[in-house]
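Right, one structure below, let's go through it.
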């Protein structure tokens, strides 16, 4: 009996990758998600980045099983000619199904409630210390506690953005606004926009915003060519100022991380004031205003400008630890140029990610980032299960001869600094009027 299915080639599928003509393939079936991209909870960018190609593994990673029933409304009637999943993709999908049957995506434990309680205690301790104590050292300690509070609230915001940490979506949204916008001054809308792009295009120099930190940092000399950011839609100019700053980036890394929060504040405000569509924009703006009401008010109760400045500096510096943690997982890993490829989803996620070795009693400190490989492969998995699945993921990487990168916290710091230093030394060569290489030295040798 002849096959009655209609097929299109991979080449034909690749022509449908524009905002007004957006097709993807999932398990060999072709879907037109052009109109849906405007309503996609993760925003249009993940769909655009994977447009015109197979997106099965990414779909499995980001969507619960119930999502499959909604795909039919987007089905074009076409199938992808010659569709065949790789061996690693087959094993990855089997693993996702196995974890789902075990209920791991739904069992969230009590970590969120405990952490919210700790955050509340930290907040009221800081307020009490500022309002009711007159000791300078107490005020500085309160600044440190505020930074620690921001770190822990960041983990809640991160988790609630990936999966429902509370009993329902409304409470989950409330947790996002409280821990992200109200307590930390970071727009969850901005975070979702950038973080989803990061996960889809992990360590792509021109598609991953988490690697685009010019003029302060570059992790690769490929940035010296002033590449165009597909995320921001503009050219990242490697000008003379950037060269100067990058030339010393391995020295300025930690000082800049102490004040990296300023960038998050600025990016949140810029997005919310822009014309870009942000889900629940009114909620986002109101919650941000809550932060910019209570935090400056609390600081104003300190007795003098010296203590006010030190309180802010200490709170920023302590939360800078978290910004360093964000960088450790990716700065020293493999990078590439170009859009993500849905056919090597597993390989790209493992190759561009670094785990941090630590004891289980230190899991609270890393907030799940210590199992970054597992988190990138299964972003919907609550972090309380990441340590459990780690041996299984490691074994799968070994089976397919893929890297399972991991290092101690101190080793990861050394690797990050070495990456920054390597790019810095290359940038210094470019700052010279004539690049000094062996040919230059030979031609200009005197005597």
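Glycine residues also receive a Cβ, built from the backbone N, Cα and C atoms like all the rest.
Unlike curated entries, TrEMBL annotations are predicted automatically.
Checking the ranges 49-70, 71-92, 137-158 against TrEMBL, the transmembrane segment annotation falls on 137-158.
Feature transmembrane segment, per TrEMBL, maps to range 251-273 of the set 228-250, 251-273, 320-342, 343-365.
Among the ranges 6-26, 27-47, 111-131, the stretch that TrEMBL annotates as transmembrane segment is 111-131.
Per TrEMBL, the stretch carrying the note transmembrane segment among 170-191, 192-213 is 170-191. Shown for the domain 'Cytochrome b5 heme-binding' (5-80): DSSP residue counts in helix, strand and coil, namely 30 helix, 22 strand, 24 coil.
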